[in-house]
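Read through the structure below, which is laid out as structure tokens, and then see the notes.
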Amino acid sequence: MEKPRGVEETPSSEPMEEEEEDDDLELFGGYDSFRSYNSSAGSESSSYLEESSEAEHEDREAGELPTSPLHLLSPGTPRSLDGSGSEPAVCEMCGIVGTREAFFSKTKRFCSVSCSRSYSSNSKKASILARLQGKPPTKKAKVLHKAAWSAKIGAFLHSQGTGQLADGTPTGQDALVLGFDWGKFLKDHSYKAAPVSCFKHVPLYDQWEDVMKGMKVEVLNSDAVLPSRVYWIASVIQAAGYRVLLRYEGFENDASHDFWCNLGTVDVHPIGWCAINSKILVPPRTIHAKFTDWKGYLMKRLVGSRTLPVDFHIKMVESMKYPFRQGMRLEVVDKSQVSRTRMAVVDTVIGGRLRLLYEDGDSDDDFWCHMWSPLIHPVGWSRRVGHGIKLSERRSDMAHHPTFRKIYCDAVPYLFKKVRAVYTEGGWFEEGMKLEAIDPLNLGNICVATICKVLLDGYLMICVDGGPSTDGSDWFCYHASSHAIFPANFCQKNDIELTPPKGYEAHTFSWEAYLEKTKAKAAPSRLFNMDCPNHGFKVGMKLEAVDLMEPRLICVATVKRVVHRLLSIHFDGWDSEYDQWVDCESPDIYPVGWCELTGYQLQPPVATEPTTPLKAKEATKKKKKQFGKKRKRIPPAKTRPLRQGSKKALLEEDLQAAAKAPSEPAPDEIITVRVKEEHLDVATADKALSPELPVPVENIKQETDD
């Protein structure tokens, strides 16, 4: 039978390479089932990973791989970083980008001692392997698994990752145990999820249009009594983000055994995977007697059908690699005073989201954001553009914190999302001009605002008119190309309620009268970035969204309104006053199943049952705010998130509430836990079409009753 497209012959050296892999896996304390992932990738996966650095170079030359910060530089690139005079460098072992002066050894080839030793160890293994194969030794031995190792780490963490962050937030499988059942939620209410292709910052967004209804996959058979893991073919009935509703072949129109699955898991494979990896196809016990000729049945069902690309999981893992590493330093907005930045260190990277620790703060003084967030900048950005920064020395008591012990370089500018270039000729924003802007302290409001200061590189300091601060501490920095600022009368033209300055009524506010009274002028409409892509979002679509007032939380949410490229996000179970405006390309919204894919804790909708009224003192204590300003939220007692500063008090209240609660929850009750996090990497992957694969059915095995 013809071999499926994209499958290569296994190199003759594969047994020896597998032995080397087994040696490496001893790092995980003898975790045997990880080997199943290696075999599941197939022989073509092994050779792909071991030669990925060469293949990636060829693909980039052919224009097939997107440019990423890691691909912008090579170890010998003699370019200087922005105004710093330091040469950039790339670690030859892990690929991390940094400054040459901060790298290890005289040659500056590695970012740390561990990378240098790993490179040396792998080179020796490669040299020994070459001699055993009768090949002459070379001056520079090829490093075994150089590119594959991070992929294996990613797959291992994805399939078996457990644990907690320092703040107690569960990760990996620990987080999924506390997870939310998207499948039941969508099916019970007939909700529609936003497609993955709407989110440009998530894994494989540019290939998800190939995932369609009727597609065939090979999936783990959970209705079998055999001692080993067996598989069966299933059809995609419905797609919802990364999750799909599957039905085993043979059930035909019977939906009673349909089940939801995340396509990012390692138990879903393209047709032909079982044949390549000598896995057994066994029909579910429920229907095993329905047909006597399963081979013939599958031949009819599979001919001409579509399936996943052969390298689907390889590309998934590759797209979940991120350039930021623990210990990198950067500048981030000060959450206690948004008009300035502070120095911070990357503590954790999960799915492209960064947990940052302020250098002059406590161990729990953190800030969450995506690596493409406009709130973070390379070291030196504030000084260069004229933005305020808090100058303080690093706390001596933080010197022993694990993250601060790993500081080895500043995050280089190439790692940050680039802003649009601006041209100031022919008129530009001026100090005192009026406009409309999303209130950074209350993201559900679009307010009348003023340009307080014009910075360099197109950045503007904006303040909301009528704000409580008179010292400029509530000014906020927006770039001129930001989609959070709008020309005057934008809200009126799009039927959005504008929040007027203090002393004005929304229904009587007039821009003309206000400009005349304040003797100011409106910023010209031509200066604003009003481009609107065909983003694909529609009212009612479900997604996972960051609560920007408490950015460590990702919640179940709904697109409430679409105004050009502006989305009004409603958090399910919360009042409308907590809705937030975000851009359609915001890195703070994710497709259904993203948290499950990355191991981040998803916050379910708030329970709707009535709660006991809070005492005034308790209510005051439970209020929480984002940047220490206006925004306040009082979640119900059962679902409020744990805060580091009041763990003891909250724990006592939770124990009292648990004592009064019934021993078992109602069947349809949703129990929410306000914690969360994530794990892994992300980037964009090259586009691959879903091939029509031949039908490998020789290995179908009939299951018999014991």
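For all residues, glycine too, the Cβ spot is worked out from N, Cα and C.
What Swiss-Prot records for this protein:
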- SER13: phosphoserine (MOD_RES)
- SER68: phosphoserine (MOD_RES)
- CYS91, CYS94, CYS111, CYS115: Zn(2+) binding site (BINDING)
- 180-284: repeat 'MBT 1' (REPEAT)
- 292-392: repeat 'MBT 2' (REPEAT)
- SER339: phosphoserine (MOD_RES)
- 398-501: repeat 'MBT 3' (REPEAT)
- LYS406: SUMO2 cross-link (CROSSLNK)
- 509-605: repeat 'MBT 4' (REPEAT)
- LYS648: SUMO2 cross-link (CROSSLNK)
- LYS660: SUMO2 cross-link (CROSSLNK)
- LYS676: SUMO2 cross-link (CROSSLNK)
- SER690: phosphoserine (MOD_RES)
- LYS701: SUMO2 cross-link (CROSSLNK)
- Item | CB within-chain contacts under 8 A for SER339 (phosphoserine), separation at least 6 | GLY388, MET461, GLY472, SER473, ASP474, TRP475, PHE476, CYS477
- Item | Secondary structure tally of the repeat 'MBT 1' (180-284) (DSSP, helix then strand then coil) | 21 helix, 29 strand, 55 coil
- Within 10 Å of each Cβ, count the other Cβ atoms, then let me know which of the binding-site residues CYS91, CYS111, CYS115 comes out lowest. CYS115
- Note on the structure: In the repeat 'MBT 3' (398-501), averaged pLDDT is 88
- For the repeat 'MBT 2' (292-392), the DSSP helix/strand/coil residue counts are 21 helix, 32 strand, 48 coil
